[in-house]
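Right, one structure below, let's go through it.
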Amino acid sequence: LSRLLKLSIEYADIQLGKAVHASVLKFEQDVRLFNSLITSYFELGKLNYAERVFDSILAPDVVSYTAMISGLAKSNCENEALGFFFEMRDSGIEPNAYSFVALLTVCMRLIDLRLGFQVHALSIKTGHINSTYVANAVMGLYTKCSCLDYVVKLFDEMSERDVASWNTVISCVVKDGMHERAFELFHRAAIHAYALKIGYGTNLSVKNALIEFYAKCGCVEDVETLFNRMHVRDVYTWTEMIDAYMGFGNVDSALEIFSKMPDRNCVTYNALLAGFCQNGEGFRALRWFCRMVEEGMEISDFTLTSVLHACGLVKDSRSSEQIHAFVLKIKSSTNNHIKAALLDMCTRLAIASILGVCADLGFRKLGEQFYCRALKCSLLHDIGVGNAVISMYSKCGDMEEANKVFDKMPAHDIVSWNSLLAGYNVNRQGGKALEVWKKMQRGKIQPDTVTCVLIISAYRHTNSNLIEHCKDFFRSMKPVYNIEPNSDHYACLVGVLGNWGLLEEAEELIENIPFEETASVWRALLDSCGIHKNAIIGTRAAKKILSMEPQDPSTYILKSNLYSASGRWNCSEFVREEMKERRFRKFPGRSWVIDQEEVHSFFARDKSHPESKDIYSVLDILFMECLRAGYKPDTSFVLHDVEEHQKVNFLLCHSAKLAVSFGLITTRVGKPVRVVKNIHMCGDCHTFLKYVTVVTKREIHVRDASGFHCFADGECSCRDNW
């Protein structure tokens, strides 16, 4: 009967299981058979039947309870499993080693470290911790809860260890980035040495398995040494080497191995395609797929799954449509794996781009809907999608959620880290950005040029002046990270120096750049001069920009504004007329608010909104109340030849003020008003919004081209000294 129950599980035959159950009931109750029935019903997915069998046992033993705890834990019924454990204890039945393993499975699924500590303590008290199975399960729990020290400590205390023990501790230290410790443990395991000792060193299958093993342990030198010493190789040997090199990111080495292969089959090609996708080389995967078709190679479901993944990576709708048509033509679209890959491809084409739009708009609610879609489709394993979600939350001002998404991602690339750094920068949390950089250093993660730009920029947003640390990092780029500083890095450093008021030093830095400087570094200095109101250095910077980019539309605007600021209105008007003749257009400032899942957009002096009358009424009231509170309009930001009272009217109708007025009408009391602006907010709007928070007792969050400005109680989170 026990054998028949095993067959019912093996062939997923519930009717056979029921027939055995009926036969068992004819005999005098045998607890062992009833326990086997419980296990078989859980394996067949029939939880209710398993519980009925348990309830019918006159005197359940420890195996009965353990079967219930284990089965319920694996069926996502963790709380019910705990209930059976406590019932077992109350009935006076002592747990055995397998009971502890089942209970620790519950702890792992619940990620309940506190309960795990209690179970660990009980296993020590009862002596079951000396069982290798129990100790392995405890280590598994601590690994799940990222308690590395506890894993290593318990491992060192174990009197006996099996392969699972070694695998657990090695994978744990690898996960924590302690690669040297992992190799130390690996050498202690001495698996390869043992294989040689017992005479399997020349066995081809063992050597192929060792190649795979070394590849997974992350040691490319050992893989190459083993491969080079092999006098006999088969197609699997070569394929394992392709897999290994692809896993290490050595795509060119994998291709070299492929080119040297004496014989190839579809498995080899599949390894190549999967490796390209693994390394983000979608276009190469598509090209090799075409070659595979041309050479008449067998096209398997695995092949199509990889090529559909490649389409998702390249996000090219035309290629995706062609591959989709190919799948339909060879009638493979009914396969569940292919269906899943098709859905994955299409969702990747929609979703990362849409999340980017949501991020730029600050449309959090819509972004979260697509994030949920990504989770539902298991797309968070796609690093590009995960990075887009991080960026979406960051640009919506929620770094806590951005961090959670980062932590949930199964893997990260340098863009993931850069997204996190950029998020902290846009939220003006430079200290947090530098903490991320320290974490990258501990993990031996090599920065790229963008990373360096973001790290330098972070020093603009620290609570204290860390300019010397910033300079030290800048000087370390070439010798430590082999990254030559370019114009972007210099522009960022100029911005940091300027932000902390070191305008003369910033100008001196530009003049000593070892290559011909670009206009971007002078623009960074000009922006800083605007914040600190240094007209002398600002004028020199402006002249440099005018001489370097005379045909750039933004240069015409700069020239016109300089003429206006100095009262040379005719010259300013002449420049604007020249712009019209050349068909240059100024990029218009725009501010918007998300309300009722709609984007409400405003330009300066905009009266196109349906609620325009109410918006201007609120703005007039705010203006009068702010004047009483001490606000003084700064008309220096109006670069038009008009009377003073007209300049005040121009200031009053800036897009940011209109958007905030609308936000005060539509946003619930107690919630901050959230506004996004596509260019830098002017100094007068910045001052005005401080006073608005005083007279309305409301928080206002504005994200402009420089990052977030969070206004509350007459103060702003940024240090911009307009």
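Cβ atoms are placed via backbone N, Cα and C, with glycine included.
Curation does not apply to TrEMBL; its annotations are automatic.
What TrEMBL says about this one:
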REPEAT    61-95  repeat 'PPR'
REPEAT    162-196  repeat 'PPR'
REPEAT    234-264  repeat 'PPR'
REPEAT    265-299  repeat 'PPR'
REPEAT    382-412  repeat 'PPR'
REPEAT    413-447  repeat 'PPR'
DOMAIN    630-722  domain 'DYW'
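Across the repeat 'PPR' (61-95), mean pLDDT in this model comes to 86.
Non-local neighbours of the repeat 'PPR' (265-299) in the same chain are 235, 238-239, 242-243, 245-247, 249, 251, 254-255, 258, 306-307, 309-314, 319, 323, 330, 413; each lies 6+ residues outside the stretch with a CB under 8 Å from one of its CB atoms. Same-chain residues lying 6 or more positions outside the repeat 'PPR' (382-412) and placing a CB less than 8 Å from one of its CB atoms are 312-313, 348, 351-352, 355-356, 358-360, 362-364, 367, 371, 374, 419-420, 422-424, 426-427, 429, 432, 674, 701, 703, 708.
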